[in-house]
Amino acid sequence: MKFEHVHIRNFKCYAETDLSLRPGVTVIHGVNGSGKSSLLEACFFALYGAAAIDGTLDEAIANDAEEMVVELEFTHDGGEYRVEREVKIRGDTAGTTTCLLETPEGQLEGVTDVEAHIEGLLRMDAEAFVNCAYVRQGEVNKLINASPGERQDMIDDLLQLGKLETYRERASDARVGVKRVRDRKQELLADREATIEAKEDKDLHDTLNALESELAEVTDDIETKERERDAARETLEAAEDVLGAAEERREEIETLEAEIEELTEAIAETERERETIDERVGTLREDLETLESDLEAAIAEADLGSEADAETVADRLEELETEADDLREEIETHRLEAQEHANKAESERERTEEYREQASETRSEAEDLAAEAEKATETLESKRERLAEMDDRIEELRATVAEAPVERDRLEAHRESIRTDLDDANERLAELRTELKNARESVAEAERLLDAGKCPECGQPVEGSPHVETIEDDRRRVEELEAELEAKRDEIETLEADHEQAVEFVEAEAERSRLAENRADVRSLIDERESTIEDKQRRAETLREEAAEHETEAKAADERADAAETAAGAAREKIGELNREKKRLDEERERLERIEELLAEIEGTERDIERLRERRANEADLNDQRRERLAEKRDRKAELEAEFDEAAIEEAEAEKTRAENYLADVEPYLEKRREERDRLQNEIGAVENELEELEDLRTQREELEAVVERLRSLYEEAAELEETYADLRAELRQRNVDRLEAMLNETFDLVYQNDSYARIELDGDYELTVYQKDGTELAPDQLSGGERALFNLSLRCAIYRLLSEGIEGSAPTPPLILDEPTVFLDAGHVSKLVELIESMTDHGVAQIIVVSHDEELVGAADDLIAVRKDPTTNRSSAERSAAAGALT
Ligand SMILES: Nc1ncnc2c1ncn2[C@@H]1O[C@H](COP(=O)(O)OP(=O)(O)OP(=O)(O)O)[C@@H](O)[C@H]1O
Ligand SMILES: [Zn+2]
């Protein structure tokens, strides 16, 4: 087997690295911590997965990455292979997401299948791989430090001897197993045989015969007894019939006796009743006599003569009733009459009172009205005086207005026109005053200018006096204005006097008109008052008359009341009379009613007597009938008593007792016999079962005998097989041990040539012993560190050779991988190591990969790989050294 190419991404310190590997000796070098061991580990991981790394899967992923990939291409036994693994962190843990193996036969997937296939190819699992091909850093002493047993297991495993042991163990297990089964079956067989013997000893057939004859006997007995029991039952029934009939007859006689007694009793009872009725009739007759004498007396009292029968009495009572009704009616009429008169008297008295009240009220009203009229007449007189005054004034004013120059209705217009004229004149007067003032000023100014020699028109200095005429005109104008002003003043004076007079006229007219109006009002008021007074006086008169009328009416009503009272007294007297009459009628009616009552009582008593007589006769008939029935019953009883046969009954009773006794005995006996029969049948069944079982047991015995025989031969075969495997392994191991010892001595000689050690011995139990030249023995752990390392490497190489050369033909071996093998070696021994490696190549090991810093080893390499770590990213990479080119 050869590694061809490895591709790593994010495995431990690696970023992305691609590296081809060549046959021959490859040395990987680099500073501490640069990632050399990790590179080898990556290849190991590619082959064996999780088993190849110390920690967990996630520790193998580069610190800051989430996933990693390792791919390894290798050739093996002429075929090309590629294994690829991808691991990813999911959640908290890392898991393998891809695991595949390409083989010449096809592709495999899944951790389990891929690893099983690789173990098959290399004929070793991860542990065997590190024991043989991959000497890990610091593990050089592993094989030496192991106990012989461990060593034996390791080496046996590598050489596939372990398998033989497994087979032997399996054969042994099989032998033990077969023995266990065989022993159990033998025990079972012995048990069956003992059981059969016990059963055969029992004489089952004889027992069966005895039981069957006993059963027949019991069955016969049961049948006989059942027949006898049936006969006894019949006898019992017959006796019971006879006794039953006798019992019935006796019961009938008893019933008859009771009935006879009952009837006799009933007859006596009825006779007693009849006697009582006789007594009652006697009493009633006495009552009747008393009643009749009472009646006679009553009739005499009532004066009815001899015709005192019920009809006459009833007729008379009817007559009396009619008379009484009439009387009652009459009394009622009079009572109503008296009531009516009394009512009338009362109401007339009330009316008298009313009339009197009305009369006094009316009279006082009349007096009030008369007083009012008197007072009103006085007031009216003063009003009339006032009216006369008004008339005088009106006449005076009319005379004043008559002096006016215009008609009455034009007076205001006249005053208005004078007022207008006056206002116009005053206005004109004011104008004239202004004009006059202006004119006087013009004259004065002109005179001043003239005195100064200037033109009064334009104010310019003048030569001469061109405007003198104007001054003159002005002076004339002043004079005219003064005259006009004087006239205007006179006119105004006149107008003012006129206006004053016109105002007086207007005012007089206004007063006159107002007074005229007032006078009309006063006039109508007086008229109204006058008629009111008249009305009152008339009304007072009328009221006085009315009062007189009321008084008359009161007197009349009082008289009517007296009359009514008299009439009521008369009516009451009449009522008294009628009541006396009625009392008489009542007394007569009472007497008659008493007679009627007595008549009815007599009739009732006679009817009672009659009824009692009838009842007495009926009871006599009833007793006759009873006596007849009594005679019949007595006959029947005598008949039955004659029929009674005492002897027959006695016999029947005896039979019955006998039968009952027999039955009482036979039933429990039969019960017992039946139980016996059942028991016998069960016993027979049990014996028959046992016979069947015996048959079964015999068959089983035969079968078991056959099985035991087969197991016995099987056991022998397994024992033989176990022995064969053990022998084979011992033989093979001896051969291996011999060859391994030879190879070990050969390699150890090669790497450790000095005088100290003569040879190494490897015994059958893989016990290692080193012999010194003087013949003394040494255990390998007594060697120095360096010696131990060399010794170990020798052992490894020997094993490796043994494996690669094969015990029988060659087996394909993985590359020999050594991680830092030179640690304990001095320079001399490093040279020996180089020789060892070369010798391995000579022995046909195709690929050796060594991690080392040692110059000498580097020098011996066919190929050089440099590993370095980028100090900034802290990521490692591997590449072929430049020096490698020079080497080839
Ligand atoms: N999961 C990881 N991610 C990143 N770096 C890691 C991880 N696991 C280990 N390392 C680092 O990888 C580096 C390489 O270790 P390795 O044992 O391969 O070095 P080496 O070259 O064999 O050193 P030495 O010469 O001392 O044997 C170490 O510095 C270690 O800290
Ligand atoms: Zn290292």
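Cβ coordinates come from backbone N, Cα and C, glycine included.
A TrEMBL annotation is a machine prediction, not a hand-curated record.
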Exercise for the section: Could you check which of 239-280, 491-532, 533-574, 617-658 is flagged in TrEMBL as region 'Disordered'? Expected result: 533-574
Exercise for the section: Could you look at GLN107, GLN137 and say which one TrEMBL places alongside LYS12, ASN32, GLY33, SER34, GLY35, LYS36, SER37, SER38 in the ATP site? Expected result: GLN137
Handout entry: Cβ packing number for GLY35 (ATP binding site), 10 Å threshold
Key = 25
Handout entry: ATP site, defined by LYS12, ASN32, GLY33, SER34, GLY35, LYS36, SER37, SER38, GLN137: further same-chain residues with Cβ within 8 Å of the Cβ centre
Key = CYS13, GLY30, LEU39, VAL867, SER876
Problem - Cβ neighbours of LYS12 (ATP binding site) where a neighbour is any other Cβ within 10 Å - result: 20
Completion exercise
Comparing local Cβ density (other Cβ atoms within 10 Å) for the binding-site residues SER37, GLN137 points to SER37
Exercise for the section: Grab the same-chain neighbours of the compositional bias 'Basic and acidic residues' (533-563) for me: Cβ-Cβ under 8 Å, and only residues 6 or more beyond its ends, written as numbers and ranges. Expected result: 344-346, 348-349, 351-353, 355-356, 358-360, 362-363, 365-367, 369-370, 372-373, 376-377, 380
Exercise for the section: Using DSSP, tally how many residues of the region 'Disordered' (533-574) sit in helix, strand and coil. Expected result: 42 helix, 0 strand, 0 coil
Completion exercise
Among the binding-site residues LYS12, SER37, GLN137, the ones with a Cβ under 6 Å from any atom of ligand 2 are SER37, GLN137
Practice task
Sort the residues of the domain 'Zinc-hook' (408-507) into helix, strand and coil with DSSP and give the three counts.
Solution key: 85 helix, 2 strand, 13 coil
Problem - Residues in the region 'Disordered' (336-382) grouped by DSSP into helix, strand and remaining coil - result: 47 helix, 0 strand, 0 coil
Completion exercise
The average per-residue pLDDT within the domain 'Zinc-hook' (408-507) comes out at 85
